[in-house]
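Peer 1: Got a structure for you, written out below as structure tokens; questions coming shortly.
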Amino acid sequence: MDEATQRQDPIEETDAEKKVQVVPSLWGRLVSNHPESRHIDLIEHSIFFGRNPKRCQVVLHDPTVSGIHCRIFREEIPCQKYNNNNNNDGDNNNNNNNNNNNNNNNNNNNNNNNNNNNNNNNNNNNTTKNYITKITDTSSNGTFVKGCILGKDKTTIIQNGDMVSFTSAKLISSLSFTFLDLTNPYIDEPFEEEMNKKYSIQGILGTGNFSVVKRCIRRDTGEVFAVKIIDKKKFWSQTKTRRQMESEVEILQKIKHPNIISIIDIVQSDRYFYIVLELATGGELFEKIKQKGRFSEPEAKDTFKQILEAVSYLHDLNISHRDLKPENILISAVSHGKSSVIKVTDFGLAKIIGEKEMATTLCGTPLYVAPEIIRNCLHGDGGAQVNTGYGKEVDVWSLGCILYILLSGRPPFDFDHTNNFNLKLINQGLYNFSLPVWDVVTENAKDLIKKLLNVDPTKRISTKGALSHDWFNDDDLLRCSTVIANQSPISKSPQRSHGVVQLPVVDVKSKNIPMTLNSTTTNTTSPNNNNNNNNNNNNKNNNKNIIKSLNSNSNNYNNNSVLKKTSQSPKTKSNRPKLQFEQPSPNQHNNNNNNNNNNNNNNNNNNNNNNSSGGKPAIINNNGNLYSKFMATNNDPFDCTPTSTPVKPITNSTTTSTATSMPTSNSVTMGTSSTSIPVSNSITMKSPSILALSDDGDKKRKEKESSSSENVNDVIVINSNNHNNNNNNNHNINNGISSKPPPKRLKGS
């Protein structure tokens, strides 16, 4: 039957077609690796993914996704079934057909046709439909398969457990999925049929001496778990290990706590023992410590309290973990606005301890092992002493080591496998808080560590006592937000870079009162301010565009930053502010000269105030806003608070020859290359060369200040008045002022 006939048959049987409806079945699923993303069911044989809703069955709302990002489709492949009976029947038919061919030529063609039909029937009976799944990348930014970018117009086969990501190679992302083939009954690993009916086994998460932990997906719900697969052949003859495994299962079945990995399912077969566990996708606490170097005290308190509550719950059930360490503490995926949830896992060494029963098995990690275990280990070989065993107190010691690491990024005892010197340090409890990182840790935290790391197990604090410690009631931890150098043994501590400190914005244009950065002086105004303002109002239009540009460093001072450093270095001249000004009109020269003469007396009276105030450096951004570099009160450059009290302007140039004054006469004088800048209020600025906290800048500043006391002519006012009235300008130089009308607005604001 040709293709045209196949297309016409459904048209002739329209009524019958309405009675029969073929519903596509679910053949695959993309299981989301992110807790807040949903799964994607694969029903059609060819599915397009992308941002274009008209051409894609699955629309992905992400700016990095292309219109047609990729295509996932299935291809049918034949799979032969070997049947000996059918093969023998086919051979007999072929022999009979050959005999008929010898007898009659006319029947030969018929027999050949029948023979071909029989062969076709045999082939149809011996084949079954099977599919492979492929993915084609059609995107610009790339589609990631198993962590590697596929490449545009390239196709590859995806199998059970392969990770497919549409945006990045990261495992946990909003568009990262794990492919699950629901129709293929075969998997690569030789796992039991009962387990395969319920779960799809995928990549390895961890390995042990007798078990392997893998990722698994429940087929009916798509939920992701971790399964611990134990091969019975490796331990079934070992009584001690067998009891240990049975004890672990018994413990896990009893535990129900939000901070402990819970057991989901148990499947046992002749060969394997499967323990399906809750999966924490946030990684290990050990990796988080390596990444951060150390935790702030509030973070450490929140994390350690969850660990302590989990261990206390175990101890209430008369259970000891025996192997507490950051590697066995997992972090669940963090949702937006929620704190991370800690999960204690790996009970491979845990046992149920009776009231009169004490375990004497040496176990645990040496870095977190308790002194009583060390004593038993050191005296066990010689047989001089009988092992006294140990109980739940070993978990408390391990908790003390974990808290020490959280707050410092370093272990309390560095273990060396070459000798037992460090074991003696553990046995004697020789640790200290000498690192600089401990300077900002509260005494309550240190006291809790001391009680947890008590070498005498009888005097060691319990988990209940630790939860009621004063450290968990101490909420005054604001000073712990200070930036501390990274003390992690993994990475070196970064060098502190000198930069400009940013403070909250002070808008000098919004008020009509003079303002400086010294909050200790009182508010006084010049009696000639009104005259200056009246004269300057006539020339507002001429100076409307006085400031054409300011240095690019002002872009770093934004309104949202309170205390932030910049990476720009102002040591070179190219980084200093470059100012461009327009020449004032000739009529303005005379007005400015008169104003300058009137202001000389007032400025001379303010010399003493200027000497005592020590004017603070400031910055004006393109919007005309004032930014203070330092407003320290206790000689601490990082104790910065914005001034709110208007004070008297500082205008004495004899003590600030390298500084810039912005008096009420609406001008600014900047250092040896200063220029008059019209502003609306009075502030004091130092030279931009001082704004960088560098050694070179401090040295140059001191040289300029020493030279300024001898020659006040180092302060030069770039003004067109200089060539007209030198005498007046000399007075202006000595007083560090210059008069210009204020602009109506700053250009570029």
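Glycine is treated like the rest: Cβ placed from N, Cα and C.
Pulled from Swiss-Prot, these are the listed features:
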- 47-150: domain 'FHA' (DOMAIN)
- 84-126: compositional bias 'Low complexity' (COMPBIAS)
- 84-130: region 'Disordered' (REGION)
- 199-472: domain 'Protein kinase' (DOMAIN)
- L205, G206, T207, G208, N209, F210, S211, V212, V213, K228: ATP binding site (BINDING)
- D323: active site, proton acceptor (ACT_SITE)
- 512-620: region 'Disordered' (REGION)
- 516-561: compositional bias 'Low complexity' (COMPBIAS)
- 562-572: compositional bias 'Polar residues' (COMPBIAS)
- 590-611: compositional bias 'Low complexity' (COMPBIAS)
- 640-749: region 'Disordered' (REGION)
- 651-667: compositional bias 'Low complexity' (COMPBIAS)
- 668-687: compositional bias 'Polar residues' (COMPBIAS)
- 696-707: compositional bias 'Basic and acidic residues' (COMPBIAS)
- 708-739: compositional bias 'Low complexity' (COMPBIAS)
Peer 1: Find, among the binding-site residues listed as L205, V213, the one whose Cβ has the highest number of other Cβ atoms within 10 Å in the structure shown.
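Peer 2: Result for the most crowded candidate: V213.
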Peer 1: Would you mind listing, in sequence order, the residues at least six apart from T207 (ATP binding site) in the same chain with a Cβ closer than 8 Å to its Cβ?
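Peer 2: Spatial neighbours, sequence-distant, of T207 (ATP binding site): V213.
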Peer 1: Rounded to the nearest angstrom, how far is the Cα of S211 (ATP binding site) from the Cα of the residue listed as 'active site, proton acceptor'?
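Peer 2: A Cα-Cα distance of 17 Å.
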